[in-house]
Amino acid sequence: MQHTLVLVKPDGVARGLTGRILARIEAKGYVIEDLRLVHPERALLEEHYAEHQGKPFFEPLVEFMLSGPSVAVRLSGDRVIEGFRSLAGTTDPTTAAPGTIRGDLGRDWGLPVQQNLVHGSDSEESSARELALWFG
Ligand code: DAT
Ligand code: MG
């Protein structure tokens, strides 16, 4: 059994898609073990996205994540780390496959790619680190 951190990012919360996104996660059979609405501080986001520091999209990404609350979810399930990333679709909503959260619900008309609705941890190491950051 694995755990992962899922975030419904500020665009997903602002567009009122939290329920639809959580419904897809639950329909897949994953278990919501904890859930909270978070107004993150810059320091939390800089740590969360530490691997991207120095990249050109880092600052716009952090600013976007500061633009409103996110819903943080602690999920459990068999192979949930790769399973959720598969459900989310690839990073860019324009090319994310239909049937995925980003592919079906992500807006792709001229919006920056960081507005892609969800985050999911990408390894056991990052899920442990990220769950500690968002849930303490
Ligand atoms: P993912 O969220 O699919 O794990 P990532 O970890 O590579 O993607 O990047 C984190 C976020 O940063 C991603 O959700 C959107 C944004 N991002 C990634 N690559 C980008 C790029 N080339 N230009 C703008 N934003 C980008
Ligand atoms: Mg990532």
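Cβ atoms here come from the backbone N, Cα and C positions, even for glycine.
As the structure is a computational prediction, the values presented were derived from the model and not from experiment.
Checking the candidates Lys9, Lys28 against TrEMBL: the one annotated together with Phe57, Arg85, Thr91, Arg102, Asn116 at the ATP site is Lys9. Taking a C-beta cut-off of under 8 angstroms and a sequence separation of 6 or more, Asn116 (ATP binding site) has the following same-chain neighbours: Lys9, Asp11, Thr91, Asp92, Pro93, Ala96, Arg102, Gly106.
Arg85 (ATP binding site) sits 8 Å from His119 (active site, pros-phosphohistidine intermediate), counting Cα to Cα.
Of the listed binding-site residues, namely Lys9, Arg85, Arg102, the sparsest CB environment within 10 A is found at Arg85. Residues from the binding-site residues list (Arg85, Thr91, Arg102, Asn116) with a C-beta closer than 6 Å to any atom of ligand 1: Thr91, Asn116.
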